[in-house]
Amino acid sequence: MPIDSPVRKAAEFVDANFREDIRYESVIVEARNVLEPDVLRTIADVERDIKATVAADGQGWEDVCVRYSSWFQDTMTTAGPGQQQGAAGKQPGPAGIPELPEDFKRVLQQAGLMRNDCVYQSLLKLWPNGLPANLTLADVQRVVNKGMRSSKSVLTDVSSLLAGVKTDAKGKVVSAKAVIFNWLLQESNKTGPDWEREFLNRVLNTNRTKPKGVNVYAVAKRSYNDMLDNVLDSNMTVLFAGFTLIILYVILMLGRCNLIQQRIYLSLLGVSIVGLTILASYGFCFHLGFFFGPVHPILPFLLLGIGVDDMFVIVDSLDHVTKEHSNLDIPERIARAVQTAGISITVTSLTDIVAFAIGMTTQMPFLQSFCMFAASGVFFLFIFEVTFFVGCLTLDEYRVAAKREGCCFMKLREWKPNAISQRNYMFDFFSKYIAPGLMKTPVKILVIVITLVLVSFNTWCILQIEQMFDMTWYLDESSYPIQFYDKLNEYFPKYGKRAGIYLTNVSYFEDAQKMHYLSKKLRENPYLNQDSMIIWYEEFGKWLKDKNHEPEGEDDYKGYLSEFLIFTKEGQEHLKDLKFSSFPFGDYNITTTHLPIQYIPLNTSQQQLAAMSTVYDVLQSLNLTADKYAVAYSPDFIPWYTNKLVGEELLRNLGLSVLAVAIVTLLLIQELQVTFWVISCVIFTLVDLVGSMYLYGLTIEVSTSIMVLLCTGLTVDYAAHIGYEFSRMTGTGNERATAALRLMGPAVFNGGLSTFLAFVLLGFSDAYIFTTFFKLFTSVVVFGCFHGLFFLPVVLSWFGPPSFSQPDLHTDTDGYPSLPKSITVQNGHCISAVEGVELSIDVDIGKDRGQSSAGHQLLSQNGGSQHIGHAEDLPPERESMLQPQQKELGKW
């Protein structure tokens, strides 16, 4: 939540002023009739096991439970806004209750409030001495009906514990389908979570014999986080299995299938860059104070996908350089490969970094942190790729040149590569089928039509997507918390989400008119369930009217309130909703009040936001003085408000990211038309990606928004490589598009496939968050490859910019456009030519100037010989005149 958001401020206020020192544990028992004696005996076994539960440190139920006297403990040990701090460290117990009149003590004793017993709600309290051995169904019905009529306190009331109740003609209970038990633990007791673990184990994982049709469900406060951790841990194995698939794929595609040209160690070292990147980027982010969230563990797989893509680009570039210039030494070939691939991976890396850096401007700390980790990860990944990996690649090339096999480095003097290993099947596939076929006019038209249909359809899908989120989506559907909540909704339905209004430092006697105004507005609110709304000061007002009491002042009001809260069952039900400065007798104050409210069923994000806002507006209209506070809060407000922010932040971040990526791409490629079509591919891919969410049944929420922002960076990779190569090629549009696709198509495809392999096994998971990863990353790979490998070459061949020079071209054996093998340069003036071609230069100084021919020599490209002709044939002044030109030749 943003630091200054109203929900976050309300949560902090409630935590400071009405923090309950309670952990709730619940058990539901389901049967055909839970009032059957044998079912009750099973329930008694469960309750006995719970009371016998002992944590690892030896503390049992009596040590960790909440006790009755804690209802009257000082409000808080930490004062909230406008409050005086209470007695720090004060413990609940009889010592906290002052001397009382005998009638007070008698009522408290009858209600069970004077005993320092543990607090729990159980149907078996109707049999304080245990179940009789000869108990019959008639006996149970009689005791239950008597207990429901005679209960004097909410703590001993059993009517709310039964569900699916059936009554006879006289209105007496005869059966019930389910019963719930609630056990209360001290939040401040550090043993509580450990005791809960043993509690769940005894209730759910026991071999006790149960009657047919009896089912037991349980949940504890720690259950949600435990099951979420279990989902993450169980699927991490699948994720790392995908990691293994990528490594195998890299080993297979990076090298050749022979003893020397295999690149096993290079592949492993290349993948290890992800580990180096994690150490560097995570340490950097932790040093800056950013926190690590539950979605952050997917970052290594994102970095692996980007890193593998860069590795394929560098190695493919080296393979092409080696094929065309086998006579060059290793440093020269490495330099040329990095020169070619460097710009391409710089474009993609820098655009990824900028896209994630834009995400850091969000007001949501969670998304800020994630984008910081991602941006720094891509930065360090780029550094290690162009340093560590290039160094490893150079050493591996020396090994190959020395004819040392790739496993144990043994020298094979008589080795010759087999014919199969010398074929690049991926390159052949793109050269012989994809590139030529794509340049045919009917195929181009088909690609354009498919692209427009996809974008139009997915635009419609985007308009149908809802903003909705439920925390239980993250859990396994078969997990015990989900089973418990399903039964809770079935037998103890809540018509809508519950919330609370919290009032501090309010004088309910002097501010009575404002309080009645608040009640009136709440009862007029169409989003609130009026049947469940019970406000304590309204009930107190009815009691005063029935008793003909007229408080004459604040002290008189508090005296009557003490009688209402302690003597009456109606008042006792509200004890849990008030915090006192001391025991509510004599001189005391109400420090904080909780007014529980319940919403009607809210099915859309718009309804949730409207329902939350109406309550906030009512509280604002109270116009309380500066020392009085009123806030509304519910844990459900967090996803409701987050849904609102996520939609706004997603649109904002996507727009800014695409704009920033466009600027960076234009600066690096330096070609406006190419940049326009590259960004078009990015936008089309994002539209198709977000539209596919509707078909998958996904909604706009935190995890899907993060994944969409992640995919923003990935979408650039599929198009930028092709666009950059097109911009540096010469020839017609078809020739340039064909050459770019042949050169970079295999690398782009391998990068996309490796990203898909990282998440492919998650398609078999049952967990929402991991199946969402699989669906979205599969979509970005499919749509990204389609637009980068099919749509972009087609539109560039038609609408791309012309090449800077159009010399006479011919096609080499691989289909690349190339220059003639000989160029005559007149008078030492040289014309820049296409890279990647060795030139035989004839330098004719010109006979009309009285000079002889300078001779003929084969020049190598980029760092080859810079000597032109024969120095002894040139006059000194002509030799000095050619020296600047020789430097230019050295750059070819």
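Sequential numbering from 1, following the chain as shown.
Glycine residues also receive a Cβ, built from the backbone N, Cα and C atoms like all the rest.
The annotation region 'Disordered' is assigned in TrEMBL to 77-96 (among others).
Per TrEMBL, compositional bias 'Low complexity' is recorded for 79-96.
For the domain 'SSD' (235-395), the model's average pLDDT works out to 86. Under the heading domain 'SSD', TrEMBL lists 235-395.
For 236-254 (among others), the entry in TrEMBL reads transmembrane segment. Nonlocal intrachain contacts for the transmembrane segment (236-254), taken as residues 6+ away from its ends with a CB within less than 8 angstroms of a stretch CB, comprise 262-264, 266-268, 270-271, 297-298, 300-301, 304-305, 308, 311-312, 315, 426, 750, 753-754, 757-762, 764-765, 770.
Distant neighbours of the transmembrane segment (266-292): 246-247, 250-251, 254-255, 299-300, 303-304, 307-308, 311, 365, 368-369, 372-373, 376-377, 379-381, 384-385, 388-389, 392-393, 396; these residues of the same chain sit at least 6 beyond its ends, with a Cβ under 8 Å from one of its Cβ atoms. What TrEMBL records for 266-292 (among others) is transmembrane segment.
The transmembrane segment annotation in TrEMBL covers 338-360 (among others). Long-range contacts of the transmembrane segment (338-360) within the same chain, counting only residues at least 6 positions beyond its ends with a Cβ under 8 Å from a Cβ of the stretch, are 306, 309-310, 313-314, 316-318, 320-321, 367-368, 370-372, 374-375, 378-379, 381-382, 385-386, 390, 653, 656-657, 660-661, 664-665, 668-669, 709, 712-714, 716-717, 720-721, 724-725, 744, 862.
Among the features that TrEMBL reports, transmembrane segment is placed at 366-395 (among others).
For 445-465 (among others), the entry in TrEMBL reads transmembrane segment.
Remote same-chain partners of the transmembrane segment (650-669), defined as residues 6 or more beyond its termini with a Cβ less than 8 Å from a stretch Cβ, comprise 343, 346-347, 350-351, 354-355, 357-359, 361-362, 367, 675, 678-679, 682-683, 686, 700, 705, 708-709, 712-713, 716, 720, 723-724, 727. For 650-669 (among others), the entry in TrEMBL reads transmembrane segment.
Among the features that TrEMBL reports, transmembrane segment is placed at 676-696 (among others).
Residues of the same chain lying 6 or more positions beyond the ends of the transmembrane segment (702-720) and with a Cβ under 8 Å from any Cβ of it are 295, 298, 302, 305-306, 309, 344, 347-348, 351-352, 355-356, 359, 366-367, 370-371, 374, 378, 469, 642, 646, 649-650, 653-654, 657-658, 661, 665, 669, 677-678, 681-682, 685-686, 689-690, 693, 748, 751-752, 755, 769, 772-773, 776-777, 780, 783-785, 787-789, 792. The transmembrane segment annotation in TrEMBL covers 702-720 (among others).
Here TrEMBL flags 741-764 (among others) as transmembrane segment. Among residues of the same chain six or more beyond the transmembrane segment (741-764), those with a C-beta under 8 A of the stretch's C-beta atoms are 235, 238-239, 241-243, 245-246, 249-250, 253, 301, 304-305, 308-310, 312-313, 316, 320, 344, 424, 426-427, 429-431, 434-435, 438, 714, 717-718, 721-722, 725, 770-771, 773-774, 777-778, 780-781, 784-785, 788-789, 793, 814-816.
Within its own chain, the transmembrane segment (776-799) has Cβ neighbours under 8 Å at 434-435, 438-439, 443-444, 447-448, 451, 454, 673-674, 677-678, 680-681, 684-685, 688-689, 692-693, 698, 704, 707-708, 711, 714-715, 717-719, 721-723, 726, 733-734, 736-738, 740-741, 745, 748-749, 752-753, 755-756, 758-760, 763, counting only residues six or more beyond its boundaries. Summarising the annotation, TrEMBL assigns transmembrane segment to 776-799 (among others).
Under the heading region 'Disordered', TrEMBL lists 850-892 (among others).
Annotated compositional bias 'Polar residues' per TrEMBL: 851-865, in sequence order.
What TrEMBL lists as compositional bias 'Basic and acidic residues' is 869-880.
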